[in-house]
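Pulled from TrEMBL, these are the features on record:
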- CYS2: active site, nucleophile (ACT_SITE)
- LYS599: active site, for Fru-6P isomerization activity (ACT_SITE)
- 2-218: domain 'Glutamine amidotransferase type-2' (DOMAIN)
- 284-423: domain 'SIS' (DOMAIN)
- 456-594: domain 'SIS' (DOMAIN)
Amino acid sequence: MCGIVGVVGNKNATDILMQGLEKLEYRGYDSAGIYVSEGASKGRLIKSVGRIADLRSKLGIDVAGSTGIGHTRWATHGPASESNAHPHTSETARFVLVHNGVIENYLQIKEEYLSAHTFRGQTDTEIAVHLVGQFVEEGLSVLEAFKKALHIIEGSYAFALVDSENPDTIYVAKNKSPLLIGVGDGYNMVCSDAMAMIRETSEFMEIHDKELVVLTKDSISVSDYDGNALERETYTAELDLSDIGKGTYPYYMLKEIDEQPTVMRKLISAYTDEAGQITVDDAIVKAVQNADRIYILAAGTSYHAGFASKDFLEKLTDTPVELGISSEWGYNMPLLSKNPLFIMISQSGETADSRQVLVKANEMGIPTLTVTNVPGSTLSREATHTMLLHAGPEIAVASTKAYTAQIATLAILAKAVGDANGNSKAAEFDLVRELSLVAQSIEATLSEKDLIKEKVEQLLETTRNAFYIGRGNDYYVAMEASLKLKEISYIQCEGFAAGELKHGTISLIEEGVPVLALISNNEVLASHTRGNIQEVSARGANVLTIVDEAIAREDDDIRVRTVHPFLSSIAMVIPTQLIAYYATLQRGLDVDKPRNLAKSVTVE
Ligand code: F6R
């Protein structure tokens, strides 16, 4: 969702804010703004609708100062406009604030405390900064006013507040929305994630929910909302600046697709012991062994990765697996088994819907495991256990390498539990070898980019809709493949169980409708899917087949090198990622930043 950056100290604030916002742009990109203080009561507020590049074009060369806050927005309250873009100011414009999250009681606050105020836009954020301003007018110090406001405000937020009259301090607070302090020499920073600060520092400090931080150029004080001081260690992040660059790639998505063989190999090395055997923390293995049912909770692509992992998790751990959509389970928890284990899958580790489920699970005393790409993320911190994806930062909004890493990581877990249980299928499943073969299969598909591009250009150039079909694990890949295609190319696409089409949806098939069929290496399912292809072809569909090479026919379109059936989803999804990529390129759209979306969905 929105991204926040702030800096106070001895640095050029405009430069830091702008490069931070560029790095944060994947979190939201419908409008942006910065406030830079040029001394007491002298500040510049610049906002723009659109991308950070639009904001940059509005900056004069003379915007200089060493304290500032910036924001890139994903609209929740009020459309994308300059008046709704952050930073927002208080009634007298003395206070300036950026916010990520949703203030749930903003209308009550407006009515109860701010009925005489005039607002410039429609956002919930503006109410928060007016509230602080109001309390200062009533005689409170800035810190006391901020604390009082925090006691009143309900919902999710990461705030950074500047008092333009005393711009040597940034006031920061968070609840449910991500925020991190960056520690510098003669300056300090605050930001939604480490990636946007890594050029300046690799030393960070976590902030927990309902904590308030007062930042000056050489001090960081953390307290709770009642003013009790809290001790907090700093830590050094392992991020490398080159991890977050695009290099020579035109888009992050293509870079991230190409990184998948490396990610498979990284996972092997992260989860093998000195003898080359798969190894997972004993406590995590025990948590699975103690469970009578595994519940996987996730959203979007991560939810699809859960489906792709269900079969091997059940077969290797001998434990039933149930899937849940986080946004549904957060408030409608179904009847659970006696000894459940919740596995939260989340690339970002910050998804508010998944966090809501985790909060409930913690209240209910249910053991939890978070499978995430981001160490130290909220879902990691708050779960009983964490397994990391080792995929490196994923910046394109459309998730690719995280999906395949999620399946591989869960396979590692399933194998470790199966081995500990003496499961015979686990004993036969040489996962280190199989993941190496998966890496090779991905490489083979990546070497066919030109062919895939050509097929896409013939099939999807003008279509408004399409279908992916498959059976078994291929059905789960079809769900993910269709999400990928629709989210970036805006082609309406459904992922369908091939056999289910004839129970209604086949009425949508008419002359020229693209149907993309996935057929991995299972003879029985393959022959049934081939039958379904006949049915749609007979009704005029334009069919493209993506088939495991071991069972491919002469006229199949895209061949995928065979991998172990447990891992077929990883190999089969690669062509579909490239299909989404090339279909989007052909339409001249921004592959990395599709409309209406943001990378990290930190509102419910
Ligand atoms: C789609 C995509 C989203 C995310 C979903 C959950 O390409 O990336 O569907 O998978 O928003 O995000 P995480 O995995 O960060 O919890």
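Backbone N, Cα and C define each Cβ position, glycine as well.
Within the model, the domain 'SIS' (456-594) carries an average pLDDT of 96. Shown for the domain 'SIS' (456-594): DSSP residue counts in helix, strand and coil, namely 71 helix, 28 strand, 40 coil. For CYS2 (active site, nucleophile), the same-chain residues lying six or more positions away in sequence with a CB closer than 8 A to its CB are ARG27, GLY28, HIS71, THR72, ARG73, TRP74, HIS86, HIS99, ASN100, GLY101, SER192, ALA598, THR602. In sequence order, TYR26, ARG27, SER348, GLU394, ILE395, VAL397 are the residues of the chain that are 6 or more apart from LYS599 (active site, for Fru-6P isomerization activity) and have a CB within less than 8 Å of its CB.
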